[in-house]
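S.K.: Take this structure, written in structure tokens, and hold onto it; I'll ask about it next.
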């Protein structure tokens, strides 16, 4: 039988126990001892799940109260100076302050930058790197968890982000710093970590190096060789884990490293297996990621067993089996989904079920397969056949509409300068117009109303009335604060993707299919199982009502097609581009209906546009072609006088600014405050033709930004972008904040805009052209 293991397991708990405990701790409702107790209980439960399934190794080190990359920063003592002297040990509250800006103890400070983890919807805390930075072993947490698992009798394999990937994910904060200048100091600490793990009796350590699936410069390839030649002297065996794609140009580098085994992703890049097998050294283990760690579809175990049989014959006991990547990216347990349509449920496998798939596959490849294993494989094959034949998946009318799409459907009526003239006449906005990104706080009352509606305790009519009250409250607050372009606040929306998916055909929803996005923030991605279409308008009545309450312009709020795709579990029986075009056509109808209802501005959020970018640059053009095509297909139905906004967050834009400009949105708002407007450096060499709103405060931190801080950020922006094309706005939506935090921050933002108008030009008087309706 092949050795089975996972690269990582979801840490949040099947019922989001970790979320509830951490948020209770932040609010002072429980103490740190209670929080730690919850962590121990979850770890024990997750380790036991792996053991009960029959895995050969139990993976330890994947747990984090906030983020596993942040855990490594704490382990290395890489704490930015603004958080004070962490001393010899980085405590839990210090990591929370790094992540959130504040914690129950310690002084508040600006939170560390947060961005997407490779091409996933998981966010990590970016390590801050400084010249002459010193590293040292500064946390016992990993070793304590190993002791916990060994005390429970588990066969422990430790997982840890590798030293090169940790540096690759970091950001140089000192001018001219080459991150590789810090490698020797980092590797020194890794050597100490491996030594202590060996002393604890650990045999295998999995070092995650997904940076190896990206295009690495030659000096980084050489750095891998230098670092791992030093680490090979340790007392433990090293499994180099790569995932999220194929090794590509780094294949020789990875295979020649002095490690005891290597893991490759055979879901994202099955074609790399042949080259790896041909060059694998005879003493090395090969771990194959053959169960999809990023999607929820059941695997065809019999087909996998047939494919892998020759590999098993060739490698024998050196063949390990695993998911393609950590199971962090899928929901915990399908057994909790008692309300899913039974046919669809048979097609799925969540993290807990993927453990079973893995073990059955291992037995099928060995000499231990029993009748139950053969039955499990037969059931999986039958489920796949049922899915392929299902009449719920394909719709003739969707296919016919896709065939009718032509070039004119992707083109606005006039170029931006002419559109801008018409929009300025219609909207009559001042210099440095202010707006928000869309959502306002989802209060306990809003969430209770949604729960009551689902439970039948609140009628649809009563729920509608409650949401109208919330919209009226949000509109009134915005008018009092003095914002220029308003939003309805999205009180009725549970999630920016789920809300739309619930109203589109071809989507299904879970009750407990939660996945960690960052920290305590969890999302419940929809499952796109079939052709997508829009039976009826989704947002129009809410935006139309909000506009009736004010003479100021109201923005309609839509989630863009690429983001809906990226933040869903997507069907794997057709190209993702085809599914995205179906979503774009559905949203196009919503844009047309919003415009017909008199909404003068429509925001089509695409925060996940860059997230979908392939990790290897040679694959970028194909993706960007269809992603831009889908946005334009959604937006181009709008008339010239309707202002189209888009929003992007957590993105490095330098390498795709051409594609972003090709979207041809009239206004783009972006996340820039955590990076201190560094993202705007791209505009020194690229003249973005349309309007832009660089975020002036970090909504992920509860700290209130000062007026001077926001003025300074906008002055930096004004050095790169003409002031007549600048907007003033937060980084992102305000859903996760409280009104007590939101109002002072927005008041300061409006005050900053007024100062900027005085400095850069005479403030214009609003001419309200719409009036109350």
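Cβ atoms are placed via backbone N, Cα and C, with glycine included.
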S.K.: From 580, 732, grab the residue that Swiss-Prot records in the same Zn(2+) site as 647, 649, 671.
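M.R.: That Zn(2+) site, as Swiss-Prot gives it, pairs 647, 649, 671 with 732.
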S.K.: Do you know which of 47, 57, 166, 567 Swiss-Prot groups with 16, 17, 18, 19, 116, 521, 522, 611 in the 5-methyltetrahydropteroyltri-L-glutamate site?
M.R.: 567
S.K.: Swiss-Prot records 437, 438, 439, 605 as L-homocysteine-binding residues. Which of 397, 479, 480, 490 is assigned to the same site?
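M.R.: Looking at 397, 479, 480, 490, the one Swiss-Prot places in the L-homocysteine site next to 437, 438, 439, 605 is 490.
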S.K.: Determine the C-alpha span of the L-homocysteine site listed in the record, that is the greatest distance between any two of 437, 438, 439, 490, 605, in Å to the nearest whole number.
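M.R.: Value for the max Cα separation, rounded to a whole number: 13 Å.
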S.K.: Within 8 Å of the Cβ centroid of the L-methionine site residues 437, 438, 439, 490, 605, which other residues of the same chain have their Cβ?
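M.R.: Neighbours within 8 Å of the Cβ centroid, excluding 437, 438, 439, 490, 605: 436, 487, 496, 557, 603, 647, 732, 733, 735.
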S.K.: Near residue 700 (active site, proton donor), how many other Cβ atoms are within 10 Å of its Cβ?
M.R.: 24
S.K.: Closest of the binding-site residues to residue 649 (Zn(2+) binding site), Cα to Cα, picking from 16, 437, 438, 522?
M.R.: 437
S.K.: Residue 18 (5-methyltetrahydropteroyltri-L-glutamate binding site) to residue 439 (L-homocysteine binding site): how many Å between their Cα atoms?
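M.R.: Given the Cα positions, residue 18 (5-methyltetrahydropteroyltri-L-glutamate binding site) is 25 Å from residue 439 (L-homocysteine binding site).
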S.K.: Can you tell me how far the Cα of residue 732 (Zn(2+) binding site) sits from the Cα of residue 437 (L-homocysteine binding site), in Å?
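M.R.: Given the Cα positions, residue 732 (Zn(2+) binding site) is 6 Å from residue 437 (L-homocysteine binding site).
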S.K.: Which of the binding-site residues 16, 116, 522, 647 has its Cα nearest to the Cα of residue 437 (L-homocysteine binding site)?
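M.R.: Ranked by Cα distance from residue 437 (L-homocysteine binding site), first place goes to 647.
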S.K.: 10 Å Cβ neighbour count around residue 116 (5-methyltetrahydropteroyltri-L-glutamate binding site)?
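M.R.: Excluding its own Cβ, residue 116 (5-methyltetrahydropteroyltri-L-glutamate binding site) sees 21 Cβ atoms within 10 Å.
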